[in-house]
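K.L.:
Residues annotated as domain 'GLAA-B beta-barrel' in TrEMBL: 155-242, 350-412. Per TrEMBL, the feature domain 'Right handed beta helix' maps to 426-553. What TrEMBL records for 1-22 is signal peptide.
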Amino acid sequence: MRHKQLLFTAILAFCCSLYVQAQSADTVNVAQFGARANSFQNCVKAIRKAIDYCRTHRVKVLTFDNGRYDIWPEGAEQRDFYISNTSSEIECPTKTKVIGILLDSIQGLTIEGNGATLMYHGKMTMLSAWHSSDIRLRNLHFDFERPGGSELTYIRQDNDGVVVKLHRDSRYTIINHQLQLIGEGWRSNRNHCIEYNPENQHFQHTTDFNKILAPSKVEEVSPGILKFHTPATFRPQIGNTLTVRDIIRDQVGMFLAYSRNITLQNVYVHYMHGLGIVSQFTRNITMDSVYCEPREGSGRLLASSADFMHFSGCAGKITVTNCRYAGAQDDCINVHGTNLRIIRKLDNRTLELRFMHPQTYGFDAFFPGDTVAFIRSARMIRYGQCTVKATKVLNPRTIELVLDRDIPADVELNHDCIENLTWTPEVEIRNNFFSRTSTRGILVTTPRKAVIANNTFMKTAMSGILIESDAEGWFESGPVTDVLIAGNTFIDCAFNAYPEPATIVINPSNKIIDPKFPVHKNIRIIGNTFSQSGNPVLYAKSVSGLKFKNNTINWLTPLPKNKKEIILMEKSN
């Protein structure tokens, strides 16, 4: 009897050990691979080992201990990625991205940060999900030791110039009496400047840095305090801050590409080089409680060199909820596809297409089985649909497309475009806060359902919401058919007044207006509150089924007599 009891106990202990091993295999910590919090050492190789282990052993959860982890370019993954809306062949001939965390062909992994901060150095793409699925990032902070944006505050005006104070994270040197903004292995060469006025909280473009300060003789008064010998006529607003960054989008914040079911939850993104979080041909994306803003206590104003979140050619559903945006030198959210121009008809079912915008090209934009639409560019209307049978990349700019039926006889070569309808998402954007952007809050163009509800748009320099669709400029598709804008609050938006003259703008690029074929349809603007500073609430062009009802309009400053509250242009009704 005793022998049986001992045998049973041994079997039970063995089973328990197997269970514990299975449990521990489901969760690993980066410390097991050498990445230790607050070591201030380069953790990139250790994190790579952890990611590789997770892929090989199908680990479900990778954890970080709370603390700081430093990530340098040395030892990081490098990949050539063509990314929408980033750089031309001339601006950035190489498409090599230096990636801090690369999730390549990984399924079912949660990265649990426990409040950890990943501190990046140099110029890097912080994270990329590439051909991966069911990925979740939680409770992580992303930041840069030396952000790509520099910040200078006017503190004093003298008879022979102005004195500025640089933010402690902004590094510089003076060469031949000229200011050079530098970082960890880089220099800011082609600068773009946005000025922040703390009195009215406006954040808008200025040429003062490039035309006045940069050419002026400068001297260091003390560390971080500089005096520019500017023309006597230059009288800046003391207390205002200039945010300056290089225009070249050589890296992005994050790149989520050719993946599915990606979730960011309780993630803080304090700075991003180049473009922001770019999702490209990815299906089902959830951004929940993602805070794109400077780190609390940092004293910084800028958190992204360009957009915060950019969705190009995505599908399934994009859900953005409970997020906060502050400090972008471009749009907070942009959702669109890409129109490719038809340049040659090779036979009755084969076309040659071209990426037209200089900064968007080189990526796979069509797949066999996709449904595509022909776009009459002059009118911005869809006039035929086909299914893709085969694709062939001829070079980074041109694609050959084989279709399942004959091409419409009236196609206009070198003008009309092809839009990929399969890769268009349903969009839900709720309960977010948008502020301190020099351009727009949200751009959205998708033929599927889009809901923008219960958000606050605080002092966006241009429109709070822009619905465009064009085949002439950025070539961002496509006409909308079901948009609800409801329960939002707009405060002092569109103060820049150019190029978009209203808080909500519907402005497709069509040059020919046909009342029988409007570009956009079924846009409802219901139950919103507008607090306006002398700018129209709505500008609408070429849209049918437009509803504007039960909205409240408060005038912070009176509307000029030569302006209207609502501007309906060219067959909008």
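The backbone N, Cα and C atoms fix where each Cβ goes, glycine too.
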K.L.:
What are the DSSP helix/strand/coil residue counts across the domain 'GLAA-B beta-barrel' (350-412)?
P.N.:
0 helix, 32 strand, 31 coil
K.L.:
Summarise the model's confidence over the domain 'GLAA-B beta-barrel' (155-242) as a mean pLDDT value.
P.N.:
97
K.L.:
When the domain 'Right handed beta helix' (426-553) is classified with DSSP, how many of its residues are helical, how many are strand and how many are coil?
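P.N.:
Result for the domain 'Right handed beta helix' (426-553), in helix, strand, coil order: 0 helix, 57 strand, 71 coil.
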K.L.:
Mind tallying the domain 'GLAA-B beta-barrel' (155-242) by DSSP state, helix then strand then coil?
P.N.:
6 helix, 45 strand, 37 coil
